[in-house]
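Going by Swiss-Prot, these are the annotated features:
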DOMAIN    5-125  domain 'MTTase N-terminal'
BINDING   Cys14, Cys50, Cys88  [4Fe-4S] cluster 1 binding site
DOMAIN    152-384  domain 'Radical SAM core'
BINDING   Cys166, Cys170, Cys173  [4Fe-4S] cluster 2 binding site
DOMAIN    387-449  domain 'TRAM'
Amino acid sequence: MTPPRKLHIKSYGCQMNVYDAQRMVDTLGAEGFVETADAGDADLVILNTCHIREKASEKVYSELGRLRVAKEEAARSGRAMQIAVAGCVAQAEGVEIISRAPTVDVVVGPQSYHHLPQLLAQASRGERAIETEFPAEDKFGFLAKPSREAIRARGVSAFVTVQEGCDKFCTFCVVPYTRGAEMSRPVARIVDDVMQLTDSGVREITLIGQNVNAYHGEGPDGRTWTLGRLLYRIAEIPGVARIRYSTSHPNDVDDGLIAAHRDLTAVMPFVHLPVQSGSDRILAAMNRKHSAADYRRVVDRFRGARDDIAFSSDFIVGFPGETEEDFRATLALIDQIGYAAAYSFKYSPRPGTPAADMQEMVSATEMDERLERLQSLIDSQQAAFNKAAIGSVVDVLFEREARKPGQLVGRTAYLQPAHVMASSDIIGQVLPVRIDSLERYSLLGELVATTAAPIPEAAMPLASIGG
């Protein structure tokens, strides 16, 4: 009997890459591969890459240098190792990757993962194995589905891609060029994926897409469904305790999405809503197609639907031409909104984007100083948000055992880690926890009950269950 071949995948970047990595594992599992945590022991190493920032793509080439040594060592011991570069760097740079790193055997863009077995076979025959086209077929219809055992091993929370690509063309962003135009999966296929996950014990579904609330998939009635309508359908699936979605664009928040937050108890009151800047001048230069006031109105609409809703966001400091006045407008917006969490980055020019050719670059010193000021404000808001949980009872979905013996960790509705002393038989349940204290970014508390309440009926309005 031929021993299974070993596969190691290292992913960089977004949630979509995490999901894509899992689907590559499933697809290659059908070809006889099993995962290994040791790249040096692998027959195939895949780097699933991110192209959003320069540092992320340069990390890939540093890693390829290390893998070249591992590949040479494997060859000396009589073992063939293949190296594949996947993801957005693969899509953007294509053949340039093999020019810079000849040790690479396969280059495959994010829309072609279902062709990996054929590409690996081509490489084994010494043929060129590069695919960075946007094929007409839907890759999701060809990717292997995970086994029940694989789903269980990945935990009680899972990602499901519902949408890929972006048509917004923000001037700083490579996504429209690396992921292509917006494409939405049919509702029926999404529902099938979610049902397979919940049948295997998954309790939290996160619907993901580069611009997820631009979702416009074909419904079972033959009509185009929006994300809001899709959320109602997902909430009907038995076993779904929690629903999330990411990442959103303010311009695609419609009444149906707001209504889903109002009506569906399964939809978590936590929205990742990137804004990037609080300066209208910079927002225009970014081609965001909304103002700071437009963004505030979207936030107000969400808060009108649920008063317990909280937000996270993304911010870029040092965009070309950003002045101190522009930056202060961003700080003012953060003050006005009040975030539970946020992610901040220094502007990084990406080749091929309009912003890369803009003049008036902000100095590295100014970027560092602004990033520190912005992050300090975000950290203080996050600390205040977490501190406000002390003394309250919050629902926690328990996910796994913690590092401390006898302790479990789960997530609140706002994705805060929550730790309690409890037995592992409550993993997968949503239980009330009284929060007693904080430890850095984690909440510490005690179970109030050890029996989970029934998952609410689908689309049950919040008002009908009290509170």
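Backbone N, Cα and C atoms are what each Cβ position is placed from, and that goes for glycine too.
Here the features listed in Swiss-Prot are painted onto the structure.
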residue : record                          : Cβ within 10 Å
Cys14   : [4Fe-4S] cluster 1 binding site : 18
Cys50   : [4Fe-4S] cluster 1 binding site : 21
Cys88   : [4Fe-4S] cluster 1 binding site : 26
Cys166  : [4Fe-4S] cluster 2 binding site : 23
Cys170  : [4Fe-4S] cluster 2 binding site : 22
Cys173  : [4Fe-4S] cluster 2 binding site : 22
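Closest to Cys50 ([4Fe-4S] cluster 1 binding site) in space, going by CA atoms and restricting to the binding-site residues Cys166, Cys170, Cys173, is Cys173. Mean per-residue pLDDT, taken over the domain 'TRAM' (387-449), amounts to 95. Cys170 ([4Fe-4S] cluster 2 binding site) sits 17 Å from Cys88 ([4Fe-4S] cluster 1 binding site), taking the CA atoms of both as reference points. Shown in sequence order, Tyr12, Gly13, Met16, Asn17, Thr49, His51, Ile52, Ala56, Gly87, Thr178 are the same-chain residues outside Cys14, Cys50, Cys88 whose Cβ sits within 8 Å of the Cβ centre of the [4Fe-4S] cluster 1 site. Cys88 ([4Fe-4S] cluster 1 binding site) is 12 Å away from Cys173 ([4Fe-4S] cluster 2 binding site) when you measure Cα to Cα. The two recorded residues, Cys88 ([4Fe-4S] cluster 1 binding site) and Cys166 ([4Fe-4S] cluster 2 binding site), have Cα atoms 13 Å apart. Look at the domain 'TRAM' (387-449): DSSP puts its residues at 4 helix, 35 strand, 24 coil.
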